[in-house]
Amino acid sequence: MLKGYSDNEFYEETMVLFNQMKSRDVRPNCFTFPFVIKSCKMLLALGEGKKVHCFVIKSGFEMNRFISIAMIDMYSTVGAVKLAHQVFDGMPERNIVAWTAIISGYILSADIKNARRLFEITPDRDVIIWNIMISGYISNGDMVTARKLFNEMPNRDLMAFNTILIGYFNNENFEEGEKFFDEMTEKNVFSWNGLIGGYARKGRFSEVLGAFKRMLKESSDIPPNDATLVSVLTACSRLGALALGKWVHVYAVDNGYKQNIYVGNGLIDMYSKCGNIENAIEVFNCMNSKDLITWNSIIGGLAMHGRGNDALIIFDQMRNANKKPDGITFVGVLCACTHMGLTEKGFSYFNLMTEDYSIVPEIEHFGCMADLLARAGFLNEAVDYIRKMPIQADAVIWSALLGACRTYRNIQLAEIALEKLIELEPKNPANYIMLSNIYKDMGRWEDVARLKVAMKETGVRKPTGCSLIEVNDGVTEFYSLDEKHPQREEIYRVLNGLVELLKSPSYDSGIDELEEGYVY
DNA sequence: CTAGGGTTAG
């Protein structure tokens, strides 16, 4: 029964059952404890773990190797390496697993020196312990020592190679990583995911797509798995590569990933970010099991698309399904309120978050509230709110206010916001441009000119505006005011046509459908 | 019936 609970990640239930066992004076044997200790570890319950430790000693199992190793692992995970080491020292005979556990413990608490010291005196080191030591250096950012150790390693397996590969990418050494990858004679799906995921984590999304296409072409014997697809979907989201995203969707369905929660979540996010909320909803509805990220993705996606009502309906469904929202869920919910101008409702959701769910609001939540007020036109209240919040407002919040100042043509507050923004990010030209646009809207051309001078004095040029569009089989970049583009004539002809179309009286922008609180 | 290693999502 304990194994059943523990194997299925029902750790609280494991503990409850174990305590029932104790209160009924049923004596545990040596097989009982590992499940219980693992549950303490997974629940990060140090206090409970200590109690179990005492019970182990009382029951006479102190010398059991399996139990000691479970305990070392538990203490290490909850951040009590000292206790872990005590257990290790108390072991009459330590095998390689015990050495591995204590070394992992030191690495986990970023004590690489002690980890290495123990590694050096470990008898009969195997590939696993070598790999753990190497990844320990990598997680400490010491790629040089990691590589040195790798070179000294006697029997390198493919995982060792993959560890080094991922290490180069995590430490942003792309050249070495690529070189290392190309020199690997044997590869598996983890190798490819190391490359693709490495690019994805570092925001190199064009490279993600390139590597993915290379994988399909060069390694047809190694099919992508769920992790591959998720990395590719992330890149599609960021690049707006809807066509490739749809291809991944079809691929996922054809290859048995239809009900994979990671892939499903990736698809929801991809469709939302690529502007296709209907497909995002369809994926959401087809998913048999949903986790927190599934709910958060669809709620955030709907809010982002201005479908605040639907976002709030889904949020209700989530609560009815007894799923516990977290801080990110509420970012979506508050954002939904903001985009519908539901000021009061936004505040009641904020209270729901802090009171009913005991979620400590973070800066993004305060930002949502300030934005909620500002977009609804309550500019003074927004400034007041910002000044009174328990966290110092950041540039994101002040620039949201500055944006609202433009909407409501409030110069006084705009100037205050810019002052704050100059303090917070003196080198961001976007802030000057925002205020300059407000002056421009109001025809205050001397002020526009004055700002232009002030901006020049900062010595920072605004990077050229850039947009991406998927063309045929790739993603093409467009730069604002680009005179050098080979298809310049054609592009500007279409662009001007679109501008005329937007201006024409027959064009229905759909603005009527927006709720109050918006001024265009 | 018990112990140690890698990638993925908001």
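Yeah, the Cβs are placed from backbone N, Cα and C, and that goes for glycine too.
TrEMBL annotations: computationally assigned, not manually curated.
Database features (TrEMBL):
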- A:1-28: repeat 'PPR' (REPEAT)
- A:126-160: repeat 'PPR' (REPEAT)
- A:188-222: repeat 'PPR' (REPEAT)
- A:291-325: repeat 'PPR' (REPEAT)
- Summarise the model's confidence over the repeat 'PPR' (A:188-222) as a mean pLDDT value. 93
- Task: Could you tell me how many residues in the repeat 'PPR' (A:188-222) are helical, how many are strand and how many are coil under DSSP?
- Result: 27 helix, 0 strand, 8 coil
- Query: DSSP says what for the repeat 'PPR' (A:1-28): how many helix, strand, coil residues?
  - Reply: 19 helix, 0 strand, 9 coil
- Message: Just to be sure I understand, if DSSP states are collapsed into helix, strand and coil, how many residues of the repeat 'PPR' (A:291-325) fall in each?
- Response: 26 helix, 0 strand, 9 coil
